[in-house]
Every structure is written in C-alpha cells, then in structure tokens.
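Under the heading pyridoxal 5'-phosphate binding site, TrEMBL lists Gly129, Ala130, Phe138, Asp223, Glu224, Val225, Gln226, Thr282. Residues annotated as N(2)-acetyl-L-ornithine binding site in TrEMBL: Arg141, Ser281. Summarising the annotation, TrEMBL assigns N6-(pyridoxal phosphate)lysine to Lys253.
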Amino acid sequence: MEFEARCERSGHLTFGRSILKDSPEKTDALLESGKEHYLPNYAPAPMVLDHGKGARLWDTQGKEYVDLGAGISVTALGHGDEELVGILAEQGARLWHVSNLYFSEPAIRLAEELCAATFAERVFFCNSGAEANEAAGFHGRTLATVTATAQPKYHQGFEPLPGGFRYADYNDMDALEAEIGDRTCAVLVEPIQGEGGVVPAAPGFLAQIARCCRRHQALLIFDEVQSGLGRSGRFFAHQWEEGVVPDVVTIAKSMAGGLPMGAMLVGPEAADTLQPGSHGSTFGGNPVAAAVARAVLRRVRSKELIANVERQGERLRARLLALHNESGMIEEVRGKGLMLGAVLRKEWAGRAGELVDHCRRHGVLVLQAGPDVLRFLPPLNILDEELDEGMDRVAAALAEAAAEAAADTPADSAAVR
Ligand SMILES: *Cc1c(COP(=O)(O)O)cnc(C)c1O
C-alpha cells in the first residue's frame, strides 16, 4: 500500500495497471541505447521491464506479463514482496557494506541458520552461482566454472582451459565409474540439470555417485544453484534421493530473492579447507543481501511454501500435459516441483526460442533450456490465478505458432507428416 502510494505520487504507476506509460518513442530510444551501449553478449527481448508485483511484470508500455521464469529461478517469492522490500529498506538504511575484513550481524545469523538447516558446518558467501562453484574446491575466479560445465559451447573461445576436468554423461553410472579413480578429488553434479534441458537424476543415480565418491575418497559436490532452496519441492533437490549426504553444496540464484548472492555450504569433510588468504569475495556476505536472504530462507523452508510448490507443480504439470495432447508440440514433461521442462517433439526441435518469443508476445515469460526444451521456473509462491492466466497465454501462443506453421506447410507435405 505504502509502495503503491509512493508510486502514485511519482505519477507513474499503480500495481496492476499503469496509469501513465512511457511514450513508444522513449521506449524505442531506451532499446536503441541498450543495444548500442551493452556488449553484445546477450540478446534481450525487445521490451523494457518497469515494475512487478507477485508473478506479474509490466513493461514501459504498460503491457502485462505473467512471469513463469522468475528471472531464471531467482525471484522465488515474486516481485515486490512487502516483507523483502521492507527488510531491504531497513538494512540499507542501517548498514549496507563493510567487506570481509569485518563481521556484521546479518551474515553471521544467515550462516548460523544455513548450518542449522542443512548438513553444513561452515559457509562461504559470494555473489553468484559461478563464484560458489568456483569456491567449491577450485581455483581462479571463474574460468574453472566454465571448464566444469561439460557443454563445449561454453568452452569455445576460452581455451586454454584449466586441466584436470573429466566429464561423464548424466544418468550413466557406468560412464561415471569409468572416470572416477583414486586420483579424483571431487565429483560435481546437478541433482536436476537446469540449462542441460531440465533433466532430473534417475532414481539411484545420486546414491551410486555418493558410494563411488566414498570408495575413492572424492568429495561429493552438488550444484543446487538452480534446483535448491525449495524449487523442486524439497529444500534441496538431492533430498529426493534418500540418505545421500554431500560434502559441499553450492547455492545462489534465489538465495536473496533477487539480490545477488551465492554460497558454498561445506560439511565436516571439507570444513577446514580454505584457510585465511586462500580465497575471497569483496561483496560476499553483504549485509543487505544477507538480511534479505534470512527472510527468504525462513519462507522457502515453511510448510506453506513447500505445499504450494507441490500443488502448483502438479497444476503446472497437468497444464503442460494437456498442452501435450492439444498442441501435439510437446513430447514429454519432466522435472520436479516448480522446475519443469516441456520437451518439444521432433517437428519442433530447435525452435524453443521462437516459441518463447510467441509466449512473450502473448504476455507470458517462459524460458528455454537449450533449443528443444521450454523451461518453466515460476515464483514458488505463485497463486492459482497467476498460474492459470499464464498457462492460458502459453496455450494461446503455442496454438498461434502451430497455426502459422500449418499455414506455411503445403497440404501434401502436411499429409505426409
Ligand atoms: C545459473 C547457474 C549457475 C551460474 O550462476 P551465476 O549466478 O550465473 O554465476 C551455476 N550452476 C547452475 C546449476 C545454474 O543454474
């Protein structure tokens, strides 16, 4: 309410409706300037986002979007959450940076709470998933993370890469066993692959990796940057597998609800590595991010939120399965909780990006995971009506794409298909 009043005073917006939108000329000028002044490493969609509430966003033209991507699994509690905004303002006014030369209470409390809630004995704070993975036993600040990813597209142009990494196909235990030996120091694995196409670990896979690591005295590291903190319907996605205890878990993305923050959580086996001076991060454990993260942690561990992830995850899955039947575009729905992927059928393989654009034009933001998978990572506290509205728009977008494709296809070749 207070925020709404402030927005109205600024003469710009209210939640739910833009009362004054920018002129199309101003938006076009912003887009032009962004293209001209950013390095061309991203390909942002041609709109300028302006404000959000819950699972809805509005651009500078007043167009509304249902946000089913949550800034790539980051805004787990949606946009403009009153509690988080309040904490941000309060901590910002009190103290917002001191560096790791000094202690501050929010980060100490957060570390305490993370250790109490998990297997961890110690925590290293940083600002991103790459940094958290980098800290997980590697050196340098990000090149090792690029190397740790098996996908060659992330390696290209960055050679020479640090040595010593081996890769094995996901969910192929024989391949993994062949790579692990007594000289293996650690195995790093995502319990549900995110960018790799939303692929959950097959039942038994993580337990087998854990046994193999114990046998060879290798550390077991789970990358839960995307899958952790309630996203899968468990606090950590690896908890879907009974009795697997990692040595290290990396988290980031949703950790501070949208502020940059990451962490490496470390169990007893490795808790005393990284002695003074061996590693660091100037912003790591920033008081503002830490204060907000404490509230996020409390909320994502609550029964209510986990129940919502389970229920909305089922509803989303049901909508995607219905689309599978209606549109004929989807071959398989996979993932867990509110981390779901819709795998496109052969005829649509390679066209996920195009479908994401269709969805955006229909007022719903979804993601892709590679060229063949539509990825859904909505806020964990999404409401029924937000999810329903979003999926109605996805259905309309896919129907339009299918109709366009049918119109482009000569009748005889359509008959062949
Ligand atoms: C996003 C992501 C990362 C990298 O995180 P950044 O914050 O972009 O550095 C690492 N691992 C996984 C599984 C991710 O999803």
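Heads up, the Cβ atoms here are built off N, Cα and C, so glycines get one too.
Please treat TrEMBL annotations as automatic predictions, because they have not gone through curation.
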Practice item. With the Cβ under 6 Å from ligand 1 as the test, give me the qualifying entries from the binding-site residues Gly129, Asp223, Val225, Gln226, Ser281. Key: Gly129, Asp223, Val225, Gln226
**Study point:** Of Gln226, Ser281, Thr282 (the binding-site residues), the residue whose Cβ has the fewest other Cβ atoms within 10 Å
**Key:** Thr282
Practice item. Rank the binding-site residues Ala130, Val225 by the number of other Cβ atoms within 10 Å of each Cβ, and give the residue at the low end. Key: Ala130
Point to revise | Pairwise Cα distance for Asp223 (pyridoxal 5'-phosphate binding site)/Ser281 (N(2)-acetyl-L-ornithine binding site) [Å, integer] | key: 19
**Study point:** Same chain, 6+ residues apart, C-beta under 8 Å of the C-beta of Glu224 (pyridoxal 5'-phosphate binding site), given in sequence order
**Key:** Glu190, Pro191, Phe236, Ala237, His238, Val249, Thr250, Ile251
Check your understanding: Rounded to a whole number, how many Å is the Cα of Val225 (pyridoxal 5'-phosphate binding site) away from the Cα of the residue listed as 'N6-(pyridoxal phosphate)lysine'?
Key -> 6
Exercise for review: Would you mind pulling the DSSP three-state label for Asp223 (pyridoxal 5'-phosphate binding site)?
Suggested key: strand
**Study point:** Under 8 Å by Cβ from Lys253 (N6-(pyridoxal phosphate)lysine), same chain, sequence gap 6 or more
**Key:** Ile72, Ser73, Val74, Gly129, Val225, Gln226, Leu229
Practice item. Using C-alpha atoms only, work out the spacing between Ala130 (pyridoxal 5'-phosphate binding site) and Ser281 (N(2)-acetyl-L-ornithine binding site) and round it to an integer in Å. Key: 12
Check your understanding: Counting every protein chain present, what is the number of Cβ atoms, excluding its own, within 10 Å of the Cβ of Gly129 (pyridoxal 5'-phosphate binding site)?
Key -> 23
